[in-house]
Structures are given as structure tokens and as C-alpha cells.
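The next block holds one structure in the form of C-alpha cells; read it before the comments.
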């Protein structure tokens, strides 16, 4: 019986190895296609759309840390996007600082605000948390509109510089901004992947699965919730800074509630708790309006219809089945809780 069990496990591991091998080949082929994409489709408008998709993929990965893995739903992440975009743009223009350094400053600023927002929302969950974050996004917008001496008020910030490095200017014309976006998307994806597989990521998923059980098992829920806010806010600030340098001009209305809705829609559509789903969701929701501009006035009706249908027929998202929230989070959280329980029993045995 044990031999049959071992044989079955070996077959299962073999199948998983084959799947991973084919998946890696697919990733390599996709990466190679992205490298040669500007050479095949040398169209500035098309490249701009792809860059926009990349920036929203970064934003979705940021929100996914908070909502998909930790289970804290935010309706105001446009506020963090705005903080990153405005901070990076203003610092780069007024202090003549390299845009990469200005972007880091914007990420730090958003992370600090993430702590300030996370602290008062620790005891709030569900609908109440969503309402608080919604209010946060609107407060940020009002500050940007009224702090005219710094933010430019309703006129916004103009002539946002393009990133430059060693004398090379990254823009759409020379494809530099396109490749720069790919690099940042890849770095963000690798960071999120390593985070999810780390102890911190397992703690996030344990909190999402059962906050009370996580507390009972000794997981510092408060600390990890704040950390989730900080990481999520910083990643969204990065996406906001990159988006601002793409369009070259920002104002408070650039970061309205529609942006928060779009980011959350991408996370839900792609599959909460998945990484690949963020790319699928971004491609669908960003590219679709560009190829169907005759439906632009109905886009929010379409977004709403898509979300309703997804929540009704596939609430786990496009890539959420067995690789997403319903399966992976619960399994990883269960394993993490079990591991901590074993440690507690060992400590108890040693003390007795």
C-alpha cells in the first residue's frame, strides 16, 4: 500500500515538473516577444497603450497584496497612486532631482501615509474598511486641489520630465520608456512572488483565511496588517510615478474614484491572490477600451456588468481556480497555522 502511495506521489511530482517546465518555456517565449514587440509594431500609440497596461499591472499587484493576500478591501488606492505621482513629479521638477530618485521618495511618502492610514483601520474590516479607504482617496484629491502653492491646484503639474540615466532619456519615441516599464513590471512581479513565498506572505494569507485563529497562533496581526498597507501603498506609488512620466501632465482628476475602481476591477477580474491574473486583468480592462472607443461612454456600465458576471459565475477570477484565493490562500494559511501550532506545542513540552 505504501509503495502504491509512493508511486502515485512520484507520478504527481513528475506531472508537476512537466507543467513547470512548459510554463517556464511559455514565460521565456513571452519575454522574448515583449523584447522584440517595438521592432515588430513600431507604432507610438500602440506602445503607449502597452506602457499603460504595464503601469496598471503594477498598481494591481500593489492592491493585490492588500486585498488578494491579506483580505483588506480598499476603495481608495487612487490616493496612494496620486501621492506617488505628485511627489515624484514635484520633487523632480522643483529640485531638479533625477526621476528615479524622485520615484523612490514618492514610494517612501506613500509608505508613510500607508502607516498613518493602517493604524486607525486595524479594528475595522469589511464594508467599514472600504468606506474609510474611499474617504481617504477623496481626501487626498481635495488636498491636491486646494494646496495650490505646491500641487498647482486644479491646474495640476505640467511638463513632467522623462526618466534619464547616464545621459539617455527614456521616452516612447526611442522605446526607452517601453523597456523601462518592462523592467519595473518584472522587478515588481519578482518582489511580489518572493514576498508571497516568504514568512510574511504566509502570515498575510493566514490573516486572510482566519484573523482570529492567526492571533491565537501568535501571528502579530497588527504588525502584518500595517506592513501590508505600507507595501501596497509603495508599489502603487511606483505605478503612479511611472504613469505620470508617461502622460507628462497630472491634475487631481487624474486620480479620481474611477482609478480606484479600475485597479480593484483588475484584481477581481484577474483573480484575487494570483500574480498572473493581474496581467490578464490589466490587458482586458485597459486594452479593451482602446480598441473599442465607440463604447467609451458605456465603459463603466460594461465594467459593472463584467464584475457582476464574474462574481456570479466565477468569483475567484479568471486565474483564481486552484491557483488563487479560494484554494491557495486557504491551504497556505492552514499550513502556516499548523506550523505555528507545532512550535507552540514544542515550547510547552520543553517548559514542562
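Along the chain as shown, the residues are counted starting at 1.
Here the Cβ of each residue, glycine as well, is placed from N, Cα and C on the backbone.
Record features (TrEMBL):
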TRANSMEM  25-41  transmembrane segment
TRANSMEM  47-66  transmembrane segment
TRANSMEM  73-93  transmembrane segment
TRANSMEM  99-119  transmembrane segment
TRANSMEM  126-148  transmembrane segment
TRANSMEM  176-196  transmembrane segment
TRANSMEM  226-250  transmembrane segment
TRANSMEM  262-288  transmembrane segment
TRANSMEM  300-321  transmembrane segment
Checking distant contacts: for the transmembrane segment (176-196), what same-chain residues at least six beyond its ends satisfy Cβ-Cβ under 8 A?
34-35, 37-38, 47, 50-51, 54-55, 57-58, 61-62, 64-65, 69, 162-163, 168-170, 204-205, 231, 235, 238, 242, 245-246, 275
Hey, which bits of the same chain come close to the transmembrane segment (226-250), Cβ under 8 Å, at least six residues off its ends?
48, 51-52, 54-56, 58-59, 61-63, 65-66, 69-70, 72, 74, 77, 80-89, 99, 102-103, 106-111, 113-115, 117-119, 122, 156-163, 172, 177, 180-181, 184, 188, 192, 195, 200, 204, 263
Contact ranking winner - 99-119, 126-148, 262-288 against the transmembrane segment (73-93), Cβ under 8 Å:
126-148
Taking residues 6+ outside the transmembrane segment (47-66), which of them lie with a CB under 8 Å of any CB in it?
37-38, 41, 72, 74, 77, 80-81, 172, 175, 177-178, 181-182, 184-185, 188-189, 192, 195, 204, 228-229, 231-236, 238-240, 242-243, 246, 262-264, 266-267, 270, 272-275, 278-279, 281-283, 285-287, 290
